[in-house]
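Visitor: Swiss-Prot lists these features:
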type    : residues                                                                 : note
BINDING : Leu7, Ser8, Gly9, Gly10, Met11, Asp12, Ser13, Leu14, Val15, Thr16, Thr17 : ATP binding site
BINDING : Cys187, Cys195, Cys198, Cys201                                           : Zn(2+) binding site
Amino acid sequence: MRAVVLLSGGMDSLVTTAIAAHLGYELAALHINYGQRTEKRELVAFQKICDFYRIERRLEINFEHLSLIGGSSLTDLAMPVTTAKLHSKEIPTSYVAFRNANMLSVAVSWAEVIGANKIFIGAVDEDSSGYPDCRVNFFQAFNELIKHGTKPDTRIEIQTPVISLKKWEIVIKGMELEVPFEHSWSCYKSEHVACGVCDSCALRLRAFEQAGIRDPIEYKIRPSYI
């Protein structure tokens, strides 16, 4: 069994990678650079995680178009990365328009060429930033798209093993699978020491705190979000 895993280097994609490895898949790891502020640090995390799981087949793709399109504080340096508002129902400025569809398109192309029948992605729906392309119905629709846009004998299905989990449950799952959380990177602002106040840092810190486990990475400040 062969599978492509979309591996950003964050905690959700790390745990998803661990789940896929635990299921016995031969993994091919895909990493997308799209002009994000922490691009270099995320790539380091990707390589460390691949090394940990001994993933030999790796593909790094550069997406210039998402940063050229802009509209996100992750890719547009003129837009500030906002401080986390975890109870807000608004989609944060860190949303990159239709990012997952762009990434999944590459994953499907690669999967079809190398004969992988699964694509794993660490999307989280319920306990996350509220990005529209992380919803269950989005991935259901994309699976239908794959059926209609690939060769008749191609059988590729997207797997989202953590999509319905709370973030703290993802931490617990990761601990059960003995994942190297210290190799992962979630901060949207900094490539050196995690800021502790962006949306991604806040969600991560809250998850570890709710799980009763100290996050092993270093933070500039480490607020409580409970």
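These residue numbers are counts, starting from 1, taken along the chain as shown.
Cβ atoms are placed via backbone N, Cα and C, with glycine included.
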Visitor: Under DSSP, is Cys195 (Zn(2+) binding site) part of a helix or a strand, or is it coil?
Guide: coil
Visitor: Could you state the CA-to-CA distance between Gly9 (ATP binding site) and Cys201 (Zn(2+) binding site) to the nearest Å?
Guide: 14
Visitor: Could you name the residues, excluding Cys187, Cys195, Cys198, Cys201, of the same chain that surround the Zn(2+) site, i.e. Cβ within 8 Å of the Cβ centre of those residues, in sequence order?
Guide: Val81, Ser186, Tyr188, Lys189, Ser190, Ala194, Gly196, Val197, Asp199, Ser200, Ala202, Tyr219
Visitor: Look at each of the binding-site residues, Met11, Cys187, Cys195, Cys201, and point out the one with the fewest other Cβ atoms around it within 10 Å.
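Guide: If we count Cβ atoms within 10 Å for the binding-site residues Met11, Cys187, Cys195, Cys201, the smallest count is at Cys195.
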Visitor: Which one of these binding-site residues has the most other Cβ atoms within 10 Å of its own Cβ: Leu7, Val15, Cys198?
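Guide: Checking each of Leu7, Val15, Cys198, the winner is Leu7.
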Visitor: Can you figure out which of Leu7, Met11, Ser13, Val15, Thr17 (the binding-site residues) comes closest in space to Cys201 (Zn(2+) binding site), comparing Cα atoms?
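Guide: Smallest Cα separation from Cys201 (Zn(2+) binding site) among Leu7, Met11, Ser13, Val15, Thr17: Met11.
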